[in-house]
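Enquirer: Copying in the features that TrEMBL gives for the protein in this structure:
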COMPBIAS  102-116  compositional bias 'Polar residues'
REGION    102-122  region 'Disordered'
REGION    177-198  region 'Disordered'
TRANSMEM  233-255  transmembrane segment
TRANSMEM  275-294  transmembrane segment
TRANSMEM  315-335  transmembrane segment
TRANSMEM  341-358  transmembrane segment
TRANSMEM  379-396  transmembrane segment
TRANSMEM  402-420  transmembrane segment
TRANSMEM  432-451  transmembrane segment
TRANSMEM  463-482  transmembrane segment
TRANSMEM  489-509  transmembrane segment
TRANSMEM  515-537  transmembrane segment
Amino acid sequence: MENGINHEIQEHGSPEVPSLIKYISSNEVAGFDDRNDAVELQLVNSPSKEIQETSVGSEGDESVIINHQRKQSVSISMPLSTEEVQLHNSHKVVFGGETTISDGIPNTSSESNTAESKPPFPTKYYSQPIPKGQVYPESDDGGAKFGNHPSIRRLRDNRFDPFKTFSGKLERQLSILRGKPPKQNAVQRDNSTKNNDRPLPVDRYFDALEGPELETLRASEEIVLPQDRQWPFLLRFPVSSFGMCLGVSSQAILWKTLATSPATEFLHISLKVNLILWIISIVLVATIFTLYLLKIIIYFEAVRREYYHPIRVNFFFAPWIALLFLALGVPPSLTKYLHHALWYILMIPIICLELKIYGQWMSGGQRRLSKVANPTNHLSIVGNFVGALLGASLGLKEGPIFFFAVGLAHYTVLFVTLYQRLPTNETLPKELHPVFFLFVAAPSVASMAWARIQGSFDNGSRIAYFIALFLYFSLAVRINFFRGFRFSLSWWAYTFPMTGAAIATIRYSNEVTNVVTKALCVILGLISTLIVFSLLASTILHAFVLKDLFPNDIAIAISDRKRKPHKKWFNLINNGSSDHSKVIENFLKFAVPDDEKDLEASVEFPTPNSL
């Protein structure tokens, strides 16, 4: 090979041979890629088996030319050092031709067959194990880079860990015990800006979300959970699901009242209907309680974000109101008297929530009532009247009056605030129009509670009932107000306010019995029942067939990063487009804190004459 290279260089007339070719030519292995050369190999003694020695004759010092072909593959264990090889011991083995192994290097030249030939420097050989199967490259964080198979991506998707209660704490503790620092991948580094020990401030909800219920993410914001896939079910299961419990459990009270009231005896309704509806309510309440309890255990951070949400916090009254409804609708065949301790147990969570919510309404700040006023705030009011109704039914006196007074005071303030609709409050979209029926819930339940406290449906009860009846008809006649929007959980706001109005009508009919009141009892009761079962069937259809009842809950996944800066509003004014009015309004609302001076009062808008 060396002669061939030198001959080729001479033909091209190259005056100088590159150093790399000189090095390769001087250190080449004879017979490595030439099948026509005679090959002689010197083989190291193998400790595992004996090797047959054969010698092939040669004439003089010339090598014998053999047409060598490899017949089989042979694996040879190399020594750790060439010093262990006895150079004077050479063995020859024929592999379909004359081949020798000397010093672990195949050699066919006559010069290399001498015992005096030694490598220029000692070389060590180490055996390397060959891994079986596919080997994945190592990623930046020390782990393996797996393929893009969907199942593998799902297994290693840890983007939901910040919302998990445990969030891999056991694995990190084991890594620390083994002396390895806990590793943090890229997704965890992105989510590290969120401190799980500190809840999001309320101003982040107003800055990152928009809409009357703060459910829509602003265009300039980002969320901490992935948007390219569907989240786990428990993360998508909102606290507003307890609205279903309110609707179904209130139906058990309605049919119990229809079966036991003197004004509706002509209907001949059996108490078995009340028993069946009460059992269905028990199953539904237990199911939703269990699911949300699992959410608390597995995704506590998501529950905490719902609790600090200025609108969602009102739905935390719904579980306890549903339990009060179950106590009011218990069938007489099971028990006629409930223990007083039940009322105290159910009212303790309600009074604790009220101390928080009502205190924030009065103290001001971002959670003041004029800022967070919404029809869903009625849920925090209805609990007082339902508790007063149950307590009076059990024979209590002072406790029901206390809660009735608290509810009446705050309902008056809330009613005026919602009617006023301050300029800072946005108009409800069509999807939330059903929550307007919550206006009917508080006065209808208050009329029954006061009638139970006083022992008769007196003038005070009638005033509250007439308010509820007027609000009911003022919403019912607006048919177009409830058209053109898709089904959602907010539709359950239709149910228990309408059922409450029907029950209050039956109580009023017991005092004022005539054809009109009896007809009104039947019509309102029938409408509420049809709506409840229609919504129940639609909910089952969307939850289990269409599977679109619980979309990704964007409201709980906002980041704690600040908003991107707005465009300067005075540049938008020069364009004169009405499309920018909403951007200007948002800028004026969020540009400076509330305790600072008004921006509109401090800045003069440019007029057409000045331009």
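Please read every residue number as a count from 1 along the shown chain.
Yeah, the Cβs are placed from backbone N, Cα and C, and that goes for glycine too.
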Enquirer: Among 341-358, 379-396, 432-451, 515-537, point out the range having the most Cβ pairs under 8 angstroms from the transmembrane segment (489-509).
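Expert: Of the candidates 341-358, 379-396, 432-451, 515-537, 432-451 scores highest.
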Enquirer: Six or more residues out from either end of the transmembrane segment (515-537), which same-chain residues have a Cβ under 8 Å from its Cβ atoms?
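Expert: Same-chain contacts beyond the flanks: 244, 247-248, 251, 254, 258, 263-264, 266-267, 491-492, 494-495, 498-499, 501-502, 505-506, 508-509.
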Enquirer: Residue list, the transmembrane segment (463-482) vs rest of chain: Cβ under 8 Å, 6 or more residues beyond ends.
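Expert: Same-chain contacts beyond the ends: 433-434, 436-437, 439-440, 442-444, 446-447, 450, 457, 497-498, 500-501, 504-505, 508.
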Enquirer: Give me the stretch from 233-255, 379-396, 402-420 with the greatest number of Cβ pairs under 8 Å to the transmembrane segment (432-451).
Expert: 379-396
Enquirer: Take the C-beta pairs under 8 A between the transmembrane segment (402-420) and each of 233-255, 275-294, 341-358, 379-396. Which stretch has the highest count?
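Expert: If we count Cβ pairs closer than 8 Å to the transmembrane segment (402-420), 379-396 scores highest.
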Enquirer: State the non-local partners of the transmembrane segment (233-255) in its own chain: residues 6+ outside its ends, Cβ under 8 Å from one of its Cβ atoms.
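Expert: Distal contacts: 160, 163, 225, 269, 273-274, 277-278, 280-281, 284-285, 288, 291-292, 294-295, 298-299, 302-303, 306, 312, 315-316, 318-319, 321-322, 325-326, 328-329, 489-490, 492-496, 499-500, 502-503, 525, 528-529, 532, 535-536, 539, 550-553, 556.
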